[in-house]
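> I am attaching a structure below and will ask some questions about it afterwards.
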Amino acid sequence: MHLGESTRECEYSQISTRSSTPMETPYKKKTPKKRKWETFPGRNRFYCDGRIMMAKQTGVFYLTLVLILVTCGLFFTFDCWFLAEQLTPIIPVIGAVLFLFVIGTLLRTSFSDPGVLPRATPDEAADLERQIDVANGSTGYRPPPRTKEVVINGQTVKLKYCFTCKIFRPPRASHCSLCDNCVERFDHHCPWVGNCVGKRNYRFFYMFILSLSFLTVFIFAFVITHIILNSQRIGFLSALKDSPASVLEVVVCFFSVWSIVGLSGFHTYLISSNQTTNEDIKGSWSSKRSKDNYNPYSYGNIFTNCCAALCGPLPPSLIDRRGFIQSDAPQLAPPTNGLPMYGSTQSQQSHKCDQDQCIQSTKFVLQVATTPLLQQQQSSEPVILSPENGASLPGRASLALGGPCTSLPLGQPTPPASTPSLSCHEATDLLPIHGHPHNHSHPLQEQLAHHHFLTPEEVPSPPGMLHCGSPLGHSHTMQGSFYNPASQDSLHEDSVRGLVKLSSV
Amino acid sequence: MAETHSLQDLRHQAAVIAKVFIQRDYTNGTLCQFQTKFPSELETKIDKQQFEETVRTLNNLYAEAEKLGSQSYVEGCLACLTAYTIFLCMETHYEKVLKKIAKYIQEQNDKVYAPRGLLLTDPLERGLRVIEITIFEDRSLTQ
């Protein structure tokens, strides 16, 4: 309670359950600004503060790197001296150039964004759902897989709806299950480079395998030359004993040549016909499917196809990894800050929010139990801690904490017309957005004033919070009797929120 | 009862009624183009011609960004030869056009859309999936 503000008229107004962090009171806690990569929903790993982006499993990438480094290292250490003396010093120079090019393109392929499509914002997802429901007539519990057909250059292409990213995938995009992202012009997920290969890094990938084929053939050829030249002088076996590293190099290169050169050839074919590995494997444009089947993306001739793939414009990354999360938009607060609240973009919501909800709920139960304010705030109805009223909530554990949290389908929507397949994010998506975007510098009163106009069904809430008719109405009544939270201390506000949350569990 | 709003007023004070999403048009392949179909929600708010003009200009700008011409080839080859380090010092053609697009959207917002209580969001902020048009509540700002 602020004694200093006792002269101010106390206003009875609703608490905004949809404001940003609970700590957004006069005691503004300074939280460090987060970059967008820190709340990225996919299964990627980021390094160097978001500059580097890789897949989750990078073991094989390190193997690739080690193989290349070790083989080249051995080549330069043991074979190059001989070859430079006996033949020409240009050989190590060419070798070095090839080696640097290989490493450069490998790192570029592995570390760059392959063309990940950011997930739909809740508003977009809601809009799409509305359109689909209108089209389908909303029959059945779970709607059939959603597709849209579009005619591209005379070919009918089916656009599939991605349930994870909540978008209709553009043509040639595909969802990578390993990285859990939709990637534009998805080629394949390459464990050797530890990343997906898509629109933005395909040329680097191609350059990598092409240069690696040259390097492999180069090393193979010159190591053999070295051994042969040496054995002419001192005999075959002694030549082998003289440089045992060469044997290792030959073995590695021999096996690599078949796979790498084969792969380069395959991708050269793909580039010249402007197909992706994905399309080729599925036989999307194969003439075996039907006589009229042709690739609508091909430019007609090999040269243009190659130029387009390798020298065409490089689109920038769409996910803005290093951008800061906007503070004026309602966002997901970091777990340590209190209740994670409703986020304005999908990308800011993660699996973590489910667990944090449960943990925070417990905290507030404990806090609430010890505050004497509890009596004050109670309206006529007691806090209800059990599921209420009709809306079926499969798998809902009341306050069961720990493990079950992450598997809970949180935030089942209230409106009976909606399908339960909607996730927690979409519970609020069906609602028209009020007071959005918010600005923190805005006086709290104004935000609260907005919420006066909201009906109980329309109060947006954090993910995991239920909209059941009665508990919400119940919490509504409770809120109606509260003081302006700006004049309360933050614990009070938190415990209130906790109560509101608990009441809807 | 003021009908006209400034962009700042909209962002800070007006309430959002609804959002309209202009989806991508894939009939020309994977190029970034948006549908020019006039959405019904905007019928009372803005002139159809005006809207189509905006979307068409945006489409042209995106086409320019992704154009396969001598300039893009030269840039691509040069980049390849310098092992893509050249992009540490200079912007790609695509990025330059994206900046142009951002400026155009800002200008359209200031001149055409904000006075009518609308706000265009740069598609780049939505992953080039949609053009998001926010419809603000048309109420007096003299509170």
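Heads up, the Cβ atoms here are built off N, Cα and C, so glycines get one too.
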> Can you check which of A:332-353, A:376-397, A:420-441, A:442-463 TrEMBL lists as region 'Disordered'?
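The listed stretch tagged region 'Disordered' in TrEMBL is A:376-397.
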> Would the transmembrane segment (A:90-107) count as touching the transmembrane segment (A:248-272), i.e. at least 3 C-beta pairs under 8 angstroms with sequence separation of 6+?
no
> Tally of helix, strand and coil residues over the domain 'Palmitoyltransferase DHHC' (A:158-282) according to DSSP?
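Here the numbers are 75 helix, 19 strand, 31 coil.
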> Restricting to the same chain and to residues at least six past its boundaries, which positions have a Cβ under 8 Å from a Cβ of the transmembrane segment (A:90-107)?
64-65, 68, 72, 75-76, 80, 83-84, 193, 204-205, 207-208, 211-212, 214-215, 218-219, 222
